[in-house]
Amino acid sequence: MRAPRVHERPPDGGWGWMILVSNFATCSIIFGVQKSFGVFFVEFREYFGETSGGTAWINSIMSAIAHGGGALAVPLSVRFGTRPVVMVGGVLSSLGLVLSTFANSVLYLYFSLGVLTGLSYAMVYVPSVTMLGRYFDKRRALVNGIALSGSGATFALAPICQLLEQEYGWRGALLLLGGVTLNLCVSGALLRPIVLAADLVSHDPSPHTQIEPSTQLAIGTSTGESPEQNDLERNRIKEQGNFSRIQRKQFDVSLLKKRRFLLFASADLLSSFSYLIPYVHVVPCARYRGIDETKAPFLLSVAGITEVLARVFSGWFSDLKIISKLHVYMMFIGLNALACFLFPLATSYPALLAYSVAMGTCTGGFRALIMPLVADTVGVVRMPNALGLTLVCEGVGILLGPPVAGWLYDATDNYNSSFFVAGGCFVASLLPLCGLSYLSRVHQNDSDACSTNQRTEPATDTCSSVPLVEHETSF
């Protein structure tokens, strides 16, 4: 039997481009449906006689589980494989939307749209984006930005949902969306597994990790290199042996002891609280301010188009390394906060369009960098578990944000307070990011000092504490 090809590092191309296509389609469907919820928001509220806060729970539960369910999706993909988990998730997502057409209460939609569809989205999204990270290294920020730019499909999906709702009612529109989401199964079929050298290392916890004979055979037969070259490759794999033990853990709780990861996760939770508030409430707010119901959904279209461009630009600009990814991330969050604080000035349709441009640009700019920053913070091998925990934090923020904004509207009969709270949470998320920036500089200085010492003298105890493998950190 032919041994699988072993890649010492992510190939940064090849079949990875098809993985990118798969992720783009996945993000288009998942985030397009979530962000188009504003089209159905008013219909659900009026049809079931529910408050704005109660109606907002539908999308909040779906989005929260779609993000927080990553902690469940990661072990499932490890146990059964990425491709089958994603394809099953595609079927379940369609089932959730179809079952929602029989809803007779908002509580029913909490379970059909919220729990079932949200959980299926987690089974699709988290394994897919993790697979993308395994195929790309040097271009990771750029391809992640391109993939997540698919979430800007809102620019097409929101008006389509509005037309479907007017033509067939909200039940018929959800039924047709259920058919569209079956395309997630096609995206899952493209997720060809890749074998990295670190995956094949024995998990012996002894200080000197041993390579199993089958691994040696796989390396030798798949690369066609000379014995001397194979010896060098085996030595490189031995250096990464400690990583493979981490990867095989389904829940790596040691990440919760890393200060840098905790700071990033707490910042992500706060920014996620505000993330969906504008997308859920900008259309109802426009209609509240007298904008025609046929024009209001185009605010999401404008935001979607600018978000696509911003995600690609953010990934491309970050890979240039003119300034760090973290500082680009912080810049876009700060601008998003400013846009939310200025929202009360948007009382006309042109002003609301201008806000939508700012919202899409700032949101796309910082959301495109989450996965690359997770990889930079904990290392590419720990990334699946770290991404799962990060998405749990996002899920908590997304679960609470839109309902709180809805309750503020119910209490004040005005949307301005909702956007002020969103801007305040964006500002609050910058505080832990400042701490992360400081720790990153300290870690970089230690690494530079270690590199200088190793060129001039034997490694010291200080240098031995600096990780030898790229991206991994003890902070």
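A Cβ is built for glycine as well, from the same backbone N, Cα and C atoms used for every other residue.
Bear in mind that TrEMBL entries carry predicted annotations, made automatically and left uncurated.
TrEMBL annotations:
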type: COMPBIAS; residues: 207-229; note: compositional bias 'Polar residues'
type: COMPBIAS; residues: 449-465; note: compositional bias 'Polar residues'
type: DOMAIN; residues: 1-441; note: domain 'Major facilitator superfamily (MFS) profile'
type: REGION; residues: 206-230; note: region 'Disordered'
type: REGION; residues: 449-475; note: region 'Disordered'
type: TRANSMEM; residues: 12-34; note: transmembrane segment
type: TRANSMEM; residues: 54-78; note: transmembrane segment
type: TRANSMEM; residues: 85-103; note: transmembrane segment
type: TRANSMEM; residues: 109-129; note: transmembrane segment
type: TRANSMEM; residues: 141-160; note: transmembrane segment
type: TRANSMEM; residues: 172-191; note: transmembrane segment
type: TRANSMEM; residues: 261-281; note: transmembrane segment
type: TRANSMEM; residues: 296-314; note: transmembrane segment
type: TRANSMEM; residues: 326-346; note: transmembrane segment
type: TRANSMEM; residues: 352-374; note: transmembrane segment
type: TRANSMEM; residues: 386-409; note: transmembrane segment
type: TRANSMEM; residues: 415-439; note: transmembrane segment
Quiz prompt | Winner by Cβ pairs under 8 Å against the transmembrane segment (109-129), considering only 85-103, 172-191, 296-314 | solution = 85-103
Self-check item: Residues from the same chain, set at least six apart from the ends of the transmembrane segment (261-281), whose C-beta lies under 8 A from its own
Solution: 34-35, 37-38, 41, 56, 59-60, 63, 67, 154, 255, 300, 303, 333, 336, 340, 343, 359, 363, 366-367, 370, 373-374, 377-378, 386, 389-390, 393-398, 400-402, 404-406, 409, 415, 418-419, 421-423, 425-426, 428-433, 435-436, 439
Quiz prompt | Long-range Cβ neighbours of the transmembrane segment (326-346) (under 8 Å; 6 or more residues past either end) | solution = 271, 274, 278, 310, 314, 317-318, 352, 354-355, 358-359, 361-363, 365-366, 369-370, 373, 415-416, 419-420, 422-424, 426-427, 429-430, 433-434, 436-437, 440
Self-check item: the transmembrane segment (54-78) touching the transmembrane segment (85-103) per 3+ Cβ pairs under 8 Å rule
Solution: yes
Exercise. Run the contact check on the transmembrane segment (352-374) against the transmembrane segment (141-160): 3 or more C-beta pairs under 8 Å, excluding pairs closer than 6 in sequence.
Key: yes
Quiz item: Among 12-34, 296-314, 386-409, 415-439, which stretch has the most Cβ pairs under 8 Å to the transmembrane segment (54-78)?
Solution: 386-409
Quiz item: How does the model score the domain 'Major facilitator superfamily (MFS) profile' (1-441) in terms of mean pLDDT?
Solution: 81
